[in-house]
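Here's the structure, in structure tokens; my notes come after.
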Amino acid sequence: MSSAFKAMRLHLTCPLPKQVINIPQTLFSYLITNQRAINNSCKPVKTSNAKKPKLPTTKLSWEERLSDTVTPLWRMTYEDQLQWKYEHQKKILLKMMKELSQDPTRAFSDHLNFPLLPIVASPVRDGYRNKSTFSVNKGIDGNPKTLGFYIGTGKAGNIVCVHADHLLSIPSKHKMVARCYEDFIRLSPLRPCILFDDGGHWREITIRTNSTGHTMAIVYFHPQSLTPEETDIHKAALVEYFTQGPGAICQLDSLYFQETTMTRCSHEQSQYQLLYGQTHIYEEVLGFKFRISPDSFFQVNREAAEALYKTVAELSQPCVGGTLLDVCCGTGAIGISLSPQMERVIGIELIEQAVEDAKFNAALNRVCNCEFLAGKAEVVLPDLMGSLSSDGGLTAVVNPSRAGLHYRVVRALRNHSAIRRLVYISCKPDGEAMRNFRELCCSVGLVRRITGEAFKPVVAVPVDLFPHTPHCELVLVFER
């Protein structure tokens, strides 16, 4: 055991929560001093002969280049960022109106004939992210066990992994956990998994935090040819590092581990294994408490999410009462937040774990008028619409991913005449969402099997959830 490690252990003052698994007393030091004996099939990482990336050809530092990649607006004042985003959203809406004006039977003009309200600023500008994923790859010094974000592309073969310590959007707690995980995998005898067919095991880490500082870490691991017993040794070492070793300074509340041979997979495809701590962390939004699982969707900026949900609630005020359809509902944040002003809320979500969280959240907050359904919206919604009563009216709120809504979802919404108002939340309105806008507003018969009355845009509000980046959420209201 190194003297530095002994010193850090002697000076740890953070309280250690109760462990979930039993760990051999001296396992971590055993791994450090006996790396080759753990798994003979895994060669220690050699960095002395690794090719180092060329220095930047410009005068920018690696840190500046990463900031320009991840947070391109970081050099601007926040007021200038908001103005830039407002003008960008205006251009997108003008593009939408130009496309809608091509419909020969609709009286759309090619200019903005509905109000674009002022952009809603984020209450917090720095360190706002409650979820960050740090990748593993070759660093500036050539070390393949470097945690951070990428500069370059795999296609060009010039990827460099740069530490994220300087990025404005990431909180210090996330940076601390990432640095500790980097330290751990550098001490481990297992190689990093950079390319699946090249072998290696340690992959990225995702860190989730809430506003009170509770922290969940999810470590991703490629088992390759390791036996379950061999993998268990490294899982135990990981737990010991974050509870009794230098990583204890992170004070993790939850430590999860996912073994997978795929780039991305759900909890259903490969179970998240709780190695240590609590099963969930919790966050409060607009007075409601929400449970967060390892893979459940939750807006990355809590304070700005509150502003977003308030905006959606205000734009839904004319339709108070009746039923709210919350499509792509995630953990139920929007539906539960709007539940006091609705008679009934029905949420639809693809990820089963998120639906379980949504149901739990409704019960936790004693909200009795919400129900949540798991499945693809394009499968669930058409059948659901036929069983809904139009008494009291129907309001739809849709919050899809960047892929937008499936055509069958739009068709079901269009063809149900009781829906008079639809609130569309998009983080990328100039992407696939633009197709949805056309489908919602096009003439009857112009798109296959759409027979319902067309919508028209009536008001738009940008909400900044992502300071220092070009992105924001656009809330666009359609009526008919």
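Just so you know, glycine gets a Cβ as well, placed from its N, Cα and C.
DSSP assigns CYS427 (active site, nucleophile) to coil in the three-state reduction, placing it in neither a helix nor a strand. Taking all protein chains in view, 17 other C-beta atoms sit within 10 angstroms of the C-beta of CYS427 (active site, nucleophile). The active site, nucleophile annotation in Swiss-Prot covers CYS427.
The active site, proton acceptor annotation in Swiss-Prot covers GLU473. DSSP assigns GLU473 (active site, proton acceptor) to a strand segment in the three-state reduction.
Annotation for ASN399 (S-adenosyl-L-methionine binding site): spatial neighbours ASP326, VAL327, CYS328, CYS329, GLY330, ILE334, ILE425, criterion Cβ-Cβ under 8 Å with sequence separation of six or more. DSSP gives ASN399 (S-adenosyl-L-methionine binding site) a coil state; it is part of no helix or strand. Swiss-Prot lists GLN299, GLU349, ASN399 with the feature S-adenosyl-L-methionine binding site, giving sequence analysis as the kind of evidence.
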Checking the contact step here: among the recorded positions GLN299, GLU349, CYS427, which have a Cα within 10 Å of the Cα of GLU473 (active site, proton acceptor)? CYS427
GLU473 (active site, proton acceptor) CB neighbourhood, other CB atoms within 10 A: 26
Note on S-adenosyl-L-methionine: the CB centroid of GLN299, GLU349, ASN399 has further same-chain residues inside 8 Å, namely PHE297, CYS328, CYS329, GLY330, THR331, ALA333, ILE334
Neighbour count (Cβ, 10 Å) for GLU349 (S-adenosyl-L-methionine binding site): 28
Tell me the coarse DSSP state (helix, strand, coil) of GLN299 (S-adenosyl-L-methionine binding site). coil
Same chain, 6+ residues apart, C-beta under 8 Å of the C-beta of GLN299 (S-adenosyl-L-methionine binding site), given in sequence order: ALA305, LEU308, ALA333, LEU465
